[in-house]
There are 2 protein chains.
Amino acid sequence: MSKKDLQTLKGFRDFLPGQALAREEVFKKIRAVFQKYGFLPLETPVLEYKEILSGKYGEESEKLMYQFKDRGERDVAMRYDLTVPLARVVAQYQNDLAMPFKRYQIAPVWRADNTQKGRYREFYQCDVDVIGSSSIIADAEVIAALAAALTELDLPEFIIRLNNRKLLDAILKNMGLAKGKIVEAIRAIDKLDKIGEEKVREDLALLGLGTEKRKELFEILNLGLEGADDIEKKLMDYEGAGELAQLVEILLDWGVKNFRIDLGLARGLDYYTGTIFEIILPDAPQYGSIAGGGRYDNLVGMFSGKPIPAVGGSIGVDRLLSALEELELIKYDLVSDVLVCNLEEDLEEEYLRVVKDLRDANIKVDFYYTPDKLDKQLKYANKKNINFVVIIGPDEAKNAEATVKNLNTGKQKKLKQKGLGLEIRKI
Amino acid sequence: MSKKDLQTLKGFRDFLPGQALAREEVFKKIRAVFQKYGFLPLETPVLEYKEILSGKYGEESEKLMYQFKDRGERDVAMRYDLTVPLARVVAQYQNDLAMPFKRYQIAPVWRADNTQKGRYREFYQCDVDVIGSSSIIADAEVIAALAAALTELDLPEFIIRLNNRKLLDAILKNMGLAKGKIVEAIRAIDKLDKIGEEKVREDLALLGLGTEKRKELFEILNLGLEGADDIEKKLMDYEGAGELAQLVEILLDWGVKNFRIDLGLARGLDYYTGTIFEIILPDAPQYGSIAGGGRYDNLVGMFSGKPIPAVGGSIGVDRLLSALEELELIKYDLVSDVLVCNLEEDLEEEYLRVVKDLRDANIKVDFYYTPDKLDKQLKYANKKNINFVVIIGPDEAKNAEATVKNLNTGKQKKLKQKGLGLEIRKI
């Protein structure tokens, strides 16, 4: 096979060790936070009966589904998102699951979409959902859990934009828009960030909203609402305002303060029915929203034959990782802590013992298997971005010592081999 | 969709929260150990060009590969194992990877095999490999890392069976078997555990090994070898004996003592070229080997056009998890630590504060969203196998106290709300 044939499919990626390690660390932190908030993992298969996934995502999306006939002539499809499988699980195991069912799932999905910068055909979704509760506390818990996860990743300042779909509906209805037009108006408003207020005003004009009404609408959408009291005072006549006020109060009770009430937030997806939110990095707006979600009370019941309330959110893992990388908040190349060098065949037993002692002290250790020139070994350590090298030549061996060199600072120091694990981090 | 259509494909599984959580914990521990041994993660795509995977696994296996044409009419296939993608990565990024390349990968693979007890079409592999070194220390490191991982899981006593394929070859050659027959003899010996010595002797007879030779052979295979010295003393004339002796010495240097030199260990796969090993649970032999591997110097070079030495091993995650489950070493249902009950609407703010305080103390907390009868909430806690419930009624609230009940022991105690997080674990 020639070199040029050695490749992954377009839109698919390898993650080499430095990058894969950074991803694992991010997922580990997110999982720990989700668990603290009472969410538990769920795993579902990569392949499902096509019938389970079909007709759930709309015609355009359906074309992007990886589907085929398996050896048993069954129509199967690769997981397109994590929500439809969740709905299947909720219906299939309804007697086994304690409700409300709070689950997270961090797993890849597949879409045969056009590839472009930052869009892949295999990518991770990181979802957290509460199924089976209408309580607004559930909405707050999803948002608080996502915010806590992002905080755990040492992200720079982020802002949670909050709104409520019922409230937005009510505002638009009050403008005199018919029901069918409201959905279109929401889609127009959803483009505010992308195309700006002027263009959105034009789109709304096409929907039949007069100049006066448009002015009135944007006065409301641009209200700088300060908190729960402000919402209730200025919007008390609208449905959904109470929910939004309640949400804000619970978030504050939980110490989540970095939100902004943003009546211009629409989130295009038609299935939202209440709370909607998006998380952005004000200092790095180029990444768009790095997390988002909302309440969707009419979706999870699709297999159960009865409506099941639900609220959830999702971290855009690929965007988040790009942001963390570009903001230099994760280093993709921090790997093993220590390389124990191998200089003399006669000292092999000594090296093996030092390797063991360091690992027993919970240090990540690489050992250079065959005796070689120190130069070459330092080059290897640098290529692997290893922090410390432990050098033991005949002189050090005689005194049961080791020379430890910090490859970042260049500093080096002779230490006793005994207790090396504890000392090495201090250098 | 009717209830009966709500199902996963045969050979595919959902892991509901209790089980999924146990799996995550196991993977987390294994990863941490592998990293301590200087291995780093690699992620490769689920789908590959079919050409990459084709012709690598033998004709029978190839039929079990999930393959199809994607929307762009490309022939693609789902990952069948983690070794061929590793070989692709090694060839594709040969200039970027520091050699030796030490990687682990814990990921699902797909095989359209007949399903039977304990065999699935979607299952995890958990591989650890050193690519690009012929050093026997690499062999020892793979084995030591796997042993350390299993130890971390609090497995009961396990035994590492050790052998060397060169040695076994040399022994069989010395019996007068021709090269072609040696492979067949190894396949016969591989069945020792399954069909017993008598049957294997019959198979060997069919390969032309006379009664005397068979007796002689089994005397060697059954040698109770005590250690490196013993190997060198009794087998010094055979190629591979030196390697095996060296391996044993390094393992002892690293504190790995629970091995047995077992010249009757064959491991059927033709591609092994040196060290071979298998890990078994003597007290639970029904699970067969829960880990295994060896040196395979002729495989990873398949895409590179030059031989690349390699040694690796793999934990049979499904078997391991079944064993852990049946031996009651993991509980599949230990989930959140605490449920904060919700009895009075008026106390909501107080509840929310307690929830926050407990989470701030790093406790996994579930909150019952809507006020309800205590009975119902205890039932929910039991169904979710939550350890503690925190009960705050008007009396407790008055004194800033909380009643904490341990649902396992039935014990309960009134505690101050302040500092609850620290106190709760002591009950």
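Cβ from N, Cα, C; glycine included.
Bear in mind that TrEMBL entries carry predicted annotations, made automatically and left uncurated.
Of the residues B:Arg31, B:Arg111, B:Arg214, B:Arg319, TrEMBL puts just one in the L-histidine site with B:Asp81, B:Leu82, B:Thr83, B:Gln125, B:Asp129, B:Arg267, B:Tyr271, B:Tyr272: B:Arg111.
A strand conformation is recorded for B:Gln125 (L-histidine binding site) in the three-state DSSP classification.
In sequence order, B:Arg165, B:Asp190, B:Ile276, B:Glu278, B:Gly292, B:Gly294 constitute the residues six or more apart from B:Arg267 (L-histidine binding site) in its chain with CB-CB distances below 8 Å. In sequence order, B:Tyr57, B:Val109, B:Gln125 are the residues of the chain that are 6 or more apart from B:Asp81 (L-histidine binding site) and have a CB within less than 8 Å of its CB. When pLDDT values are averaged over the domain 'Aminoacyl-transfer RNA synthetases class-II family profile' (B:1-333), the model yields 91.
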